């Protein structure tokens, strides 16, 4: 998820539930999906394609797109409890889980969501810091030549990003500023489009790297078959991360006018959104792979240094996008924790000279913890792989499947039930493999990494 949802619009009119009149259409919903999906995950697709090759790479990308579209359709039927056209609305993903499943499922959903939020905070910090370092690196290469030592220490940039986020995290309702969503959408489209354009340019004019049908080659690009296997599964996690948007699908659906029934409109919006995103991802992954070959960098923009001003602009777009995106993602978590604490200890809401001491201390410590995590583990593809694993099976597949079974009252061990559970189990295996491979990637990287000393 890369943007905030500004959910309701209208002119004083209200819907049947007392909320402002919903005016969303299939086009606005598709636009929300596209801008929510296309984000920092797109940067890793060339690397993922290099691990998988020309045969498996595009097929797996299309497979993830198909699974995401299918489970989004299941989830869209769960927006209302009971009748999909007239039943009681659910306003958030968690509310839908509570309505249909309840109990321990809600707790598990909360754990997955908050782990994903915390991990995404680390992922955003790493990506933004690497992009800030890349600006200085490309300028250095431009002015001093490609033989110069232009390596950067990203730890300092991570700390600087953390300081900025500590300040922004104290601003009340910062994540609700409407222009933040607009900036996030414009920035993410800008850097993703520049990445595609640069890859296309290099593919046409050269030099290009060596590509193969099956990706990186044992003994040439990777040391042995074990490393090849780990990297292949890590690539699956990176692709899964690029498609993780189901968590905001209910909020998008809650913007739609009816009739027609919201679930029907949402199905149309999902096919438009996922098809557009997948076409873009295929361009980025395939052109990036054709440009760099099996040696594709983990972040596609890290492989380009000229024209330096365009590369700089793309990296500035990433930094601006993620500065706002960090708050969009974490402010809801702040709100939940502070509401829970206020219920238990009403005194925590007191302000001293317009400063809420609890909020100041807790938010600062939380951002500091994320910053520390990023300093200790600044490994772009491994962290993206872990995030993709956390979000993919539980949030994209498991809960939508279980809610749909409960909503449609599908009998256990019937053909439909078995098909849905088989899909869920298949995706669970992918999640476990991608998660394990990404953790292994972190372990390998830690063997040669020293915080504040290692330069890249």
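Numbers here mean position along the shown chain, with the first residue as 1.
The backbone N, Cα and C atoms fix where each Cβ goes, and this holds for glycine too.
Unlike curated records, TrEMBL annotations are generated automatically.
Look at TrEMBL and you will find 1-20 tagged as region 'Disordered'. The compositional bias 'Basic and acidic residues' annotation in TrEMBL covers 10-20. The feature domain 'Amino acid transporter transmembrane' is assigned by TrEMBL to 22-442. Residues annotated as transmembrane segment in TrEMBL: 29-49, 55-79, 177-200, 271-293, 313-339, 360-380, 386-405, 417-439.
Packing against the transmembrane segment (360-380) from elsewhere in the chain are residues 44, 118, 121-122, 125-127, 129-130, 154-155, 158-159, 161-162, 165-166, 169-170, 298-299, 330, 334, 337-338, 341, 441-442, 445-446, 449, 451-452: each is 6 or more residues past its ends and has a CB under 8 Å from a CB in it. Segment contact is absent for the transmembrane segment (313-339) and the transmembrane segment (417-439), given fewer than three CB pairs below 8 angstroms at sequence separation of 6 or more. Residues 1-3, 5, 57-58, 61, 123-124, 127, 181, 184-185, 188-189, 191-192, 195, 199, 215, 235-236, 238-239, 241-245, 248-249, 252-253, 255-256, 265-266, 268-270, 272-274, 276-277, 280-281, 284-289, 291-292, 296-301, 303, 318, 321-322, 325, 380-381, 384, 388 of the same chain sit 6 or more residues outside the transmembrane segment (29-49) yet have a Cβ under 8 Å from a Cβ within it. Counting residues 6+ beyond its ends, the transmembrane segment (55-79) has Cβ neighbours under 8 Å at 45, 48-49, 89-90, 96, 99-100, 213-215, 236, 239-240, 242-243, 245-246, 249-250, 253-254, 262-263, 266-267, 270-271, 274-275, 277-278, 281-282, 285-286, 289, 396-397, 399-401, 403-404, 407-408, 423, 427 in the same chain. Taking Cβ pairs closer than 8 Å, the transmembrane segment (271-293) reaches residues 26-27, 29-30, 32-34, 37-38, 42, 45-50, 54, 57-58, 61-62, 65, 68-69, 72, 192, 195-196, 198-200, 202-203, 208-211, 242-243, 300, 303 in its own chain, all 6 or more past its ends.
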